[in-house]
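For reference, the structure is listed below as structure tokens.
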């Protein structure tokens with residue numbers, strides 16, 4: 001048995017023995033870690049190189065960010081971790097960080113002489129898995145292997161719930177060593193990784209299993225996103241439309257053997273983040289160009305919503321979206337979307353065309369949980385989220401109902417319908433969500449139609465659902481228009497019956513979602529958690545059905561699903577919502593799904609026993625669903641409102657509290673490459689949070 | 001040899017005591033090994049090369065009018081980072097002062113501070129060159145001795 005400490009030779013001039021040679025390479029862990037260092041400061045580069053060599057790592061140095069990128073792209077499989085300076089003349093370190101994360105999915109450690117909290121925060125926000133302050137000491141470099149291991153493990157865990165899990169994975173799940181990143185697949189890869197994983201898994205014990213090729217449950221060779229692969233990914237995404245691009249579909253389009261949905265899902269997440277950031281800087285700067293891809297502010301789709309703007313809705317192509325009429329009927333039209341936009345978006349969606357706007361993510365997310373709807377309709381009635389009429393009345397609150405998950409948050413599951421719900425959502429589609437009346441208007445027939453569809457599309461839905469990270473996340477896309485939003489989010493996230501006008505769900509029932517998995521809890525990031533049986537026909541559902549019940553339903557189960565998701569977003573049945581991404585929903589293990597989703601989402605794990613906040617949730621810089629409601633812009637709040645379908649006129653303090661807490665969780669989320677947006681200083685009273693959540 | 005060894009140590013101790021160098025320099029010394037026998041000198045050489053370049057860049061930037069304080073700050077940030085990497089304490093401190101002046105938009109302060117940076121850099125260079133010269137001499141003597 002060799003302790004890890006012994007394996008690394010440190011100290012000046014001394015070459016520590018790599019422990020005994022009994023286990024061969026195992027003893028050398030974490031020796032052999034392949035590090036790429038990027039810094040324009042040559043003296044610093046040299047020092048780092050020497051230090052890393054002393055750590056027995058394989059070091060490659062690079063003084064130009066562009067060179068580093070080329071290196072990474074060429075020899076993509078050749079590095080385990082990248083250390084990069086923040087300030088570089090040819091490229092901002094953060095940009096490099098994002099690109100590396102996006103294309104190569106490698107852990108990136110940032111370095112800087114600037115040790116201010118804000119600078120470190122920025123690094124974390126951009127996804128750095130660590131932030132070193134110069135001058136860097138050897139001790140800090142010694143432990144960088146942890147980031148590689150952690151990432152691999154997390155990736156493996158994601159894989160575990162993948163629908164494409166192989167048998168071996170299943171077997172392994174039964175083992176105690178489940179969750180361990182298997183090195184089985186990597187036997188042919190760097191020994192280093194195998195060694196370290198095995199070593200870590202085995203508690204540093206050498207045993208026969210070291211050479212055992214039995215894959216562990218979460219075996220997952222890290223996918224290296226080569227330029228080609230990434231290009232394939234990008235074309236697939238463009239083909240689908242950024243808003244419609246769900247991992248499953250992307251995977252299908254890419255048609256790359258060995259690539260799993262999880263791989264795609266996590267890559268998509270990063271991609272969205274990247275796009276979002278690009279969008280930040282330049283609304284027209286879209287990563288992949290196509291007009292349908294994520295680009296541009298959706299503000300065009302959103303306009304202040306006024307109550308009862310049915311007229312506008314009605315102006316939408318008739319029949320296209322019955323929801324409109326439903327919404328109109330509800331009298332609580334919350335969201336006012338330029339009808340044209342809405343219509344266009346909906347049309348695009350229904351026709352399977354790429355979304356014309358990037359707001360669809362939110363809608364998508366809502367629609368992505370057909371399961372929810374399905375499940376929620378035990379009584380034959382879809383669970384709608386009745387948006388409380390009260391608080392919408394007269395409020396500009398009527399913002400897009402669906403919280404538009406930030407691009408990196410939602411993974412549209414629409415594989416078929418390609419309903420550009422984004423536009424719908426952002427365009428104040430909330431109509432369908434809101435209003436109690438709406439619920440009543442929900443034509444049972446449409447629902448049943450949807451119901452019928454649901455079973456068929458179950459798998460699809462599930463799969464899609466899995467993809468949706470935050471179906472209910474009320475995260476207005478950054479492009480969402482702003483609306484004054486007095487969001488009234490019901491505090492309780494649990495099993496409130498989703499009575500009319502009582503959403504009974506809180507937007508941030510992460511804890512519940514993630515941990516409780518009660519049928520009443522949205523297990524996923526569902527923003528609103530609706531009691532499972534009490535969905536009133538929400539506008540959304542109606543809409544979904546309304547629109548879906550047409551020919552599209554059969555053809556676009558996804559879209560139907562999505563509609564359902566909208567509702568189901570409100571009423572998330574944990575069974576359905578278990579998996580956020582790529583997990584095999586059909587397995588129907590809410591717990592696993594939750595975990596999977598949690599993992600996928602880079603939840604802040606472990607806090608408060610599962611009060612995980614999907615990092616996606618937190619990723620959106622502009623829109624922080626977890627931020628206190630009053631910090632949101634109107635649009636965001638409206639979306640939240642819609643999602644929440646709450647029934648009060650103001651945001652309950654407890655909700656705000658929750659949101660604050662979620663904010664905190666978010667900011668503390670170290671996972672997922674550190675995407676959490678720590679917009680607010682942590683102030684998370686975990687106890688309160690949990691208590692609120694588990695109300 | 002003994003004398004030069006002692007001399008060397010004295011010089012080094014002196015540099016530390018007077019704040020020209022800090023512990024980072026020790027770190028770099030310790031990184032030197034048989035595989036990289038001249039590591040320390042190589043790093044120091046790189047440092048002076050890079051900082052010479054930075055000095056030029058700073059001078060150019062200072063001449064501009066109106067002053068681009070952001071750019072100046074950025075250059076000094078690099079300068080500072082570089083200095084800290086080898087443990088050039090005084091130089092690093094002067095860089096910080098320069099940056100403070102930058103933040104305040106105090107061009108006069110910047111100019112003064114820049115002079116100090118240059119001066120500290122020159123002093124350090126001189127001292128380290130002397131140190132290395134002695135070091136190399138003592139080493140070559142030791143080698144000669146060993147050869148006998």
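Glycine is no exception: its Cβ is also placed from the backbone N, Cα and C atoms.
According to TrEMBL, the feature compositional bias 'Basic and acidic residues' maps to A:167-180. TrEMBL lists A:182-193 with the feature compositional bias 'Polar residues'. Annotation comment: TrEMBL describes A:202-214 as compositional bias 'Acidic residues'. Sequence annotations record features per position, and here TrEMBL assigns domain 'Response regulatory' to A:34-149. Here TrEMBL flags A:217-276 as domain 'HTH myb-type'. If you look up TrEMBL, you'll see A:85 marked as 4-aspartylphosphate. For A:157-219, A:667-695, the entry in TrEMBL reads region 'Disordered'.
The DSSP secondary structure for residue A:85 (4-aspartylphosphate) is strand.
As a summary of secondary structure, the domain 'HTH myb-type' (A:217-276) carries 38 helix, 0 strand, 22 coil according to DSSP.
As a whole-number mean, the pLDDT of the domain 'Response regulatory' (A:34-149) in this prediction is 89. In terms of DSSP helix, strand and coil, the domain 'Response regulatory' (A:34-149) has 57 helix, 24 strand, 35 coil.
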